[in-house]
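For reference, the structure is listed below as structure tokens.
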């Protein structure tokens, strides 16, 4: 039960600023809660997410807050465990009495929190990937990243372009991996791709050579797709090269972080994956409406943390900004009004794409903002 | 068919060599002090983390391994001196809890010092796989097996040829008699912790390029080493080595032919079977239970 | 005898009073939630304490039994539509039989063997729960339906607080009776000197098996109820760390002290919640507590504190 209680810094800064400017002193702060997997197997997703939330809560407060009110951020670390995510959600709702919750780094954490926010009627913006989070639509649950279904579609399209039709799948036994596997199976059927192998590995495994040996000995396989997040896919990538497999290797957007390239090292060369434009900000066309936002965000992030930006950092930024934007439009933090305002988000240009939500779509992203990238010389390169 | 089997055997022997080192560490400490040292896995972790982080900051690899090894030995001696020695006459339960406490403490300390993320250590001599009768092997596997082999032989020579080694053996056979002939039993215990720590740390350093280093890397490696030691008969050095290799190979075969998800369970199923049917382990002497 | 009885009743009365008054101070559902979790841990620890404190044996796999109970309820109720109480009993019986089958041969051996066997069982259980995702939902766990009995659904922290409070009270009462029974005295003999106990005709192995089975069943029942309360269970509830956490609670509170086990469970459940400054140091603190308790106060917190009270001597 590692607890990361409210980012005291942000709170202190916020309160002092509020007191100094005087404008917000009468109003209550906007209470934003967050459950993030800052440690554990998904830490390379959660760590930047936590940093971004703290950074931007600060920046917003320094700029005078939202509608004259400061942002008070409370972040808990679930360590990648769904049950802890649930108990921290309870704590955010019952004890900290937050107005909106951002987070759920992983699909599992999100799905564990979902029934609690539905019951507690608190708007909840998840940072996790699986399509099950928003399909079917849950009244109080939203999400910012692209779905695993979109990732599968993007990968299949790329396979077709390369004239490949037989795919081997290696998926993680986590919520994200399982949902990704289901989506891959479904999309493969639709697009006429044949799945010739279907292996799984554990999120904490440090050796998957046994599974990969089977794929190596499978003469039919023409390409391999790994569906997982965090450190596991880096292990798979390393073992893949160690076994001397030369088939094209695809990953999901669950690894769109420089951390993945660093861990897998040379083994990551040539790996392709779908990712938000954020990781290839400088390579986007100038006419791309996202360009300005992602370049600016990249600059702020890299100055603040002197490490390279990842798409996960972007998901957290989008989550916080959509929430605060909705507070502005709802004219306060009445939870029902806030929820409606989030659902009415329209044309918000974020790091993940342009978000237009509706009662039927609690994510609001289209496939356009998803780019196929390839690892080249230790960096991301836009494919075509 | 054969290539597949060979592939599993090779991965099994590689990881088995690490289990063997850990198992040997358990046996050495058990012999000297009758303590099951649950912090053995943390010695492995210290070796792995120190070599990965030090080389990343520019220290040459051999020096990094030496520093990691020295650090682990210091930690081992500290655990023996400040925790185990003080509870000398305590019950088995107490001693087990103390070493578990030490392992949790060391893991927490490592998280503070090194952080919780995975660290990468480059393979010692490249990552180009060696093709061998249809199976492919990482060059690092040769390093693991080679280093483990050298260490195991060295330990054997140490116990049988040197005076210190013989004193340690004598202590394990009869503590009181050893004390009577002038052996400093306390120092023997300290030496056994230092020696086991060094074994673990080197193991951690050579295996790090294969598994990554992270603060929790020692948990499973340590527990598997423990099963290796029990499998071979607690306190039986060569038995622990054989036990380690058996566990490693069984695990790899299980992962390949039965289910990769149950890989980690293989060792514990074996140990339960052994406990129920052959309580003294495969090589343990009869009557090894002491009242 | 009279004094022992008196001490026992006083202890129970104090426990009952605390359970009854506490809700006044638990002003929101989060505090109640923490109290409920502490209560579940305490139930398991009281059982584990019988094993560690009175039988002188250690289990490094008690979370495995807790996990079996939890998943028996989750799976049998959720997937097969059993009534919750039947699932709870089925889990308890299964755990009892499993514990008996393992302990019977192993407890005839001396030394570390039960520790190893329970370690193995615990790890195997958590791997099975993690892997059989068709039934258990895999590493991310599964949702569990609310507890229903006689058409009444137990729902919400306020209701569960009383369920756990009563359960804890009953378990403590059972344990105190057991300790004071002829079997209990035999148990204390086992921890004191096995040889002596056997010389006077006590079948120590049989007693150790009984205690082990009983403590495993306590864990299973607590697991079943916890599953219904939490509504979400994950294999982490059954893993090695959870087992170690439970042992830590018992050892910290005081081996061979039933109330000590309760205190240990409560303190170590609250500690991580309350001392948020320890967020990064939690492992270090936990490890240090374990080592320091064993080295400096091998009897644990409550017995050591009680030792400072001049007039009260604990039996």
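For all residues, glycine too, the Cβ spot is worked out from N, Cα and C.
Remember, TrEMBL labels are computer predictions, not curated facts.
Remember, predicted model here, so these are calculated numbers, not experimental data.
The annotation transmembrane segment is assigned in TrEMBL to C:7-26 (among others). Packing against the transmembrane segment (C:7-26) from elsewhere in the chain are residues 32, 35, 158, 161, 165, 168-169, 172-173, 176, 180, 258-259, 262, 312, 314-315: each is 6 or more residues past its ends and has a CB under 8 Å from a CB in it.
Residues or ranges marked as transmembrane segment in TrEMBL: C:32-52 (among others).
Per TrEMBL, the feature transmembrane segment maps to C:59-79 (among others).
TrEMBL lists C:85-103 (among others) with the feature transmembrane segment.
Marked as transmembrane segment by TrEMBL: C:112-129 (among others).
Annotation comment: TrEMBL describes C:159-179 (among others) as transmembrane segment.
Using a Cβ-Cβ cut-off under 8 Å and counting only residues 6 or more beyond its ends in the same chain, the transmembrane segment (C:209-230) has close neighbours at 36, 40, 43-44, 46-48, 50-51, 54-55, 57, 59, 62-63, 65-74, 77, 84, 87-88, 91-92, 94-96, 98-100, 103-104, 107, 114, 144-147, 154, 160, 163-164, 167, 171, 178, 183, 187, 237. Look at TrEMBL and you will find C:209-230 (among others) tagged as transmembrane segment.
For C:250-272 (among others), the entry in TrEMBL reads transmembrane segment.
Annotation comment: TrEMBL describes C:284-309 (among others) as transmembrane segment.
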Review point. Do the transmembrane segment (C:250-272) and the transmembrane segment (C:32-52) come together with 3 or more C-beta pairs under 8 Å, pairs six or more apart in sequence?
Key: yes
Exercise for review: State, in range form, which of C:32-52, C:112-129, C:284-309 has the highest count of Cβ pairs under 8 Å to the transmembrane segment (C:159-179).
Suggested key: C:32-52
Review point. So which residues does the transmembrane segment (C:284-309) touch in its own chain, when a touch means Cβ under 8 Å and the partner is 6 or more beyond its ends?
Key: 245, 248, 250-257, 259-260, 263-264, 267-268, 271, 275, 278
Check your understanding: Residues sitting near the transmembrane segment (C:112-129): Cβ under 8 Å, six or more positions beyond its termini, same chain?
Key -> 57-64, 67-68, 71, 98, 102-103, 106, 136, 212, 235-236, 238-240, 243
